[in-house]
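Student: Annotations for this protein, taken from TrEMBL, read as follows:
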- 25-166: domain 'Lactate/malate dehydrogenase N-terminal' (DOMAIN)
- Gly30, Ala31, Gly32, Gly33, Gly34, Ile35, Gly36, Asp56, Asn115, Ile138, Thr139, Asn140, Met249: NAD(+) binding site (BINDING)
- Arg102, Arg108, Asn140, Arg174: substrate binding site (BINDING)
- 169-334: domain 'Lactate/malate dehydrogenase C-terminal' (DOMAIN)
- His198: active site, proton acceptor (ACT_SITE)
Amino acid sequence: MYARSAARTVSQARAFSSSASRQTNVTVLGAGGGIGQPLSLLMKLDPHVKKLNLYDIRGAPGVAADVSHIDTGSEVTGFAADKLDEALDGAEVVVVPAGVPRKPGMTRDDLFSTNASVLRDLASAVARVSPKAHLLIITNPVNSLVPIASRVFEKAGVYDPKRIFGVSTLDVVRATRFLASVTGNDPKNTPVTVVGGHSGDTIVPLFSQSSYGKAVTGEVYKKLVHRVQFGGDEVVQAKAGAGSATLSMAFAGAKFAGALLRGIAGEKGVITPTFVRSPLYLDQGVEYFASNVELGPNGVEKIHPVGPISAEEEELLKVALTGLKQNIEKGYKFIE
Ligand code: NAD
Ligand code: LMR
């Protein structure tokens with residue numbers, strides 16, 4: 001009896017925190033693209049979204065007209081190429097999948113020369129029009145573009161490190177799904193923490209912290225780590241020149257944005273890995289790092305340390321920190 005009423009109290013509290021919660025204005029920059037379209041669809045389904053503004057240099061009004069017919073509460077508006085400021089007016093969360101994707105044989109770093117300028121210009125507009133917005137960067141290379149956006153905000157005098165995020169959720173989604181393929185566990189209840197950054201060997205899955213993951217050893221473990229680190233290549237190769245992950249990324253982007261929206265709405269204990277300005281490895285010259293972060297009304301509420309890890313993970317982390325340092329410096333160099 002007591003247990004049942006206690007359970008009811010918990011579920012009532014949950015229901016209260018999600019149904020009575022605050023709604024937020026969201027803008028998607030790059031809404032006409034491979035990620036942007038399904039991401040816009042998923043954001044239209046999120047009950048925490050009040051206004052959904054869709055912007056792209058091509059095709060956003062069409063995507064908006066389409067998505068706007070879905071019978072959920074949010075109002076959707078599309079903005080053409082010359083309407084960036086209008087798209088950002090009143091934005092509280094800005095999600096950015098704008099920019100070019102990889103083709104086979106390219107690294108994420110090969111996208112830098114095009115996407116660094118795209119991101120710099122979009123971040124400048126956000127800093128000018130909606131400086132208090134939370135900025136979620138999906139565009140690659142994430143490890144270099146988050147530092148670029150941070151400097152843009154700094155130069156504009158509006159930098160709040162708690163509000164700029166590199167979206168590394170696809171690594172978490174992959175690690176969780178790939179582990180389930182190996183062990184047969186239910187991925188829904190067994191997320192894997194992934195730390196570091198978002199490219200190749202800067203991606204460090206912490207299987208030792210998962211009750212299913214720690215049982216995976218030897219060659220199977222090595223293959224699993226490699227698959228998480230290079231899962232993006234798997235999709236790029238399979239798409240054979242038609243781009244990189246779009247659908248799984250839209251899912252991951254909506255998952256991260258949804259978590260932030262719940263945090264903004266006041267839900268407690270919303271914790272997920274994301275690439276942010278971080279004190280964790282500052283002593284080794286690494287200013288940005290993905291680890292578990294508690295999300296709340298101000299964005300980053302608390303950065304969690306990496307916690308206990310295995311000897312193999314220590315080695316992976318060492319390699320990741322070296323790569324991250326280079327990626328971050330490359331971003332800074334561009335923006336100086
Ligand atoms: P895409 O080419 O299908 O779409 C990109 C869209 O951006 C296009 O519609 C284009 O018109 C738009 N765009 C370009 N410049 C713009 C600008 N200045 N302002 C507004 N819109 C602009 O590419 P995609 O497959 O959607 O991938 C987008 C980016 O996301 C790529 O850089 C890709 O590498 C990255 N990505 C990141 C992750 C991640 O885990 N963080 C995962 C997958 C892809
Ligand atoms: C991914 O991990 O799928 C993305 O970063 C896209 C890519 O280029 O691999």
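Positions of Cβ are set from backbone N, Cα and C atoms, glycine also.
Nobody curates TrEMBL annotations by hand; they come from automatic prediction.
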Student: Less than 6 Å between Cβ and the nearest atom of ligand 2 is the rule; apply it to the binding-site residues Gly30, Gly32, Gly34, Asn115, Asn140.
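Tutor: With ligand 2 as the reference and 6 Å as the Cβ limit, the list reads Asn140.
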Student: Here the binding-site residues are Asn115, Thr139, Asn140; which one has the lowest number of other Cβ atoms no more than 10 Å from its Cβ?
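Tutor: The binding-site residues Asn115, Thr139, Asn140 were compared, and Asn115 has the fewest Cβ atoms within 10 Å.
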Student: Sequence order is fine: just name those recorded positions in Arg102, Asn140, His198 with a Cα within 10 angstroms of Asn115 (NAD(+) binding site).
Tutor: Asn140
Student: If the criterion is a C-beta within less than 6 angstroms of any ligand 1 atom, which of the binding-site residues Gly34, Asn140, Arg174 pass it? List them in sequence order.
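Tutor: Near the molecule: Gly34, Asn140.
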Student: Taking the Cβ of Arg102 (substrate binding site) as the reference point, list residues of the same chain whose Cβ is under 8 angstroms away and which are at least six residues distant in sequence.
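Tutor: Those within reach of Arg102 (substrate binding site), by Cβ under 8 Å and sequence separation of 6 or more, are Arg108, Asp110, Leu111, Asn140, Gly232, Val236, Gly243, Ser244.
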Student: Do you know offhand how many angstrom separate Gly32 (NAD(+) binding site) and the residue listed as 'active site, proton acceptor' by C-alpha?
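Tutor: Distance (Cα to Cα, whole Å): 23 Å.
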Student: Over the domain 'Lactate/malate dehydrogenase N-terminal' (25-166), what does the predicted model average in pLDDT?
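Tutor: For the domain 'Lactate/malate dehydrogenase N-terminal' (25-166), the model's average pLDDT rounds to 98.
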Student: Taking 10 A as the limit, how many CB atoms besides its own sit near the CB of Arg174 (substrate binding site)?
Tutor: 25
Student: What are the DSSP helix, strand and coil residue counts for the domain 'Lactate/malate dehydrogenase N-terminal' (25-166)?
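Tutor: Counting residues per DSSP class in the domain 'Lactate/malate dehydrogenase N-terminal' (25-166), I get 61 helix, 28 strand, 53 coil.
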